Amino acid sequence: MEKPRRAVVVTGFGPFGEHAVNASWIAVQELEKLGLRDDVDLHVYEVPVEYQTVQRLIPALWKKHSPQLVVHVGVSGMATTVTLEKCGHNVGYKGLDNCRFCPGSQCCVEGGPECIDSIIDMDAVCRRVSALGLDVTVTISKDAGRYLCDFTYYTSLYQSRGRSAFVHVPPLGKPYSAEQLGRALQAIIEEMLELLEHSEDKINCQHEH
């Protein structure tokens, strides 16, 4: 039986602050060149570093593609590893975006839960990718930073009931090349899809009995 095709959406961010070239978007473009497995339709988008655009764009992407998974990629100037973020936070957004704007409420979704976890087991993804022997170190975090990265992640988790992931990458050359980051993203997303499919199979089995 042929597997149904799945849509996967991956986003990177445009330039902001000292990041005139945003490593996250470069890494996503590398991933696009590499592609994912044969049964996956990959859609990539560059997201401007603007709160209001994110609030419009993320629901629109979910509606347009009905993806199995959305993975957002962002750059962290402090990161020296590729970091899997476990959760998104709702409040504490005080940093101004590229339009010199920040939400008056300083939150993503008024009345939303303080924190939403991804349904993907990031510890398992980290273990599995680390075991592949890539020349990239993968780590875990529970704090995506209360700026556009965290804001985008929470917005997406809220929209998707947890079917989203967020990956932080270091700036280019500190220490990884665009190719290394692209290959790491490919491995990470394929492991995420494996885990998602595995958990869906289990759920379907339970329904059939």
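Just so it is clear, glycine is given a Cβ too, placed from its N, Cα and C backbone atoms.
Now, the feature entries from TrEMBL:
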ACT_SITE  GLU85  active site
ACT_SITE  CYS149  active site
Fill in the blank from the handout: Within 10 angstroms of the C-beta of GLU85 (active site), the count of other C-beta atoms across all shown chains comes to 24
Handout entry: Neighbour tally for CYS149 (active site), based on other Cβ positions within 10 Å of its Cβ
Key = 23
Practice task
Fill in the CA-CA distance, CYS149 (active site) to GLU85 (active site), as an integer in Å.
Solution key: 10
